[in-house]
Amino acid sequence: MESTGAPYLNTAAVTSPVGIARLLQMTFGCTTFSLVAHQGGFSAAYGTFCMFVWTFCFAITVFIITCEFTNLHSCLSLSWGNFTAAFAMLATLMSITAAVIYPLYFVQVGCYPIGCEVRDFRIAASVFAGLLFVSYATEVFLTRAKPGQVTSYMATISGLLKIVQAFVACIIFGALVNDSQYGKYVATQWCVAVYSFCFVVTVVVVAFSVTGKTALLWFPFERSVVIYTFGAVLLYASAAVIWPVFCFDSKYGSPRRPGLCAKGKCPWDSQLVIAIFTYVNLLLYVLDLAYSQRIRFVSHI
């Protein structure tokens, strides 16, 4: 038989620094949700979210390793570099969230009333959840765009910031639905419209980059993204002014947390979370706009 000159299996997918990081991700993820499912246990929405994060990230990581090891990713209609960079950033954010939530709600120092064995399993799961976050953060560090390097858009600072912006918007939406009373004023409804519009457009930008369809658009994608980012800065700046005024000014809301407000079910708490993350996303969009002036899109990577 004649050799085609190219190996069927890509061993670099598991022997390179990025490949080793992904193997560790697979190992830590499997260990984490196995410890929780076997004996640690979980309950309520917080526990379900953590289990979803660990199983979802594990499944996608196995998919990425398999595709790269067998070179099957070349058969997919995806911009593989953009896809892996976007997933690594998303998994980093999701895993650190789960690594904070699980021990916060399920780990305790004493054995009563869950028992020492369950407590130990939960502590071990929390440790591996932290290691999982470190392994995903390591991949982001290894694959991020270097100065002067031609790389995928999602591996650039601007591309990575798009993932963070969408993730922060999801936190805002979670607080909005938690009895935030945003429907009381037209002004706060405007803020919700800002959050929704920017989230949708950011997701669309990521989707076009990951699918590699930017070159098929009839308008200049690069210029459009920069213009959108500038618009998002202006929109978030308006929300950063309007939301605190209509939630914490004594004329419309309450400058202090009401004393009779139940913990976990207080609209004031949700409003405060939204205000904080509004400023976080405003800063992210400003940084995105600044970095977008220094990059060039490469649609085919």
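Here the Cβ of each residue, glycine as well, is placed from N, Cα and C on the backbone.
Annotation source TrEMBL lists domain 'MARVEL' at 13-148, 153-297. Annotated transmembrane segment per TrEMBL: 44-66, 78-101, 121-142, 154-177, 192-218, 225-246, 272-291, in sequence order.
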Per Cβ pairs under 8 Å, the stretch of 44-66, 192-218, 225-246, 272-291 packing most closely against the transmembrane segment (154-177): 272-291
Two-stretch contact, the transmembrane segment (192-218) and the transmembrane segment (225-246), at least three Cβ pairs under 8 Å: yes
Residues of the parent chain within Cβ reach of the transmembrane segment (225-246), under 8 Å, 6 or more residues beyond its termini: 184-185, 187-188, 190-191, 194-195, 197-198, 201-202, 205, 252-253, 271, 274-275, 278-279, 281-282, 285-286, 288-289, 292-293, 297
Residues in the domain 'MARVEL' (153-297) grouped by DSSP into helix, strand and remaining coil: 110 helix, 0 strand, 35 coil
Within the predicted model, mean pLDDT of the domain 'MARVEL' (153-297): 91
Folded-back contacts onto the transmembrane segment (121-142), same chain, C-beta under 8 angstroms, at least six residues removed: 17-18, 21-22, 24-25, 28-29, 31-32, 35-36, 38-41, 50, 54, 57, 85, 88-89, 91-92, 95-96, 98-99, 102-103, 106-107, 114, 160
Counts by DSSP class (helix H/G/I, strand E/B, coil) across the domain 'MARVEL' (13-148): 113 helix, 0 strand, 23 coil
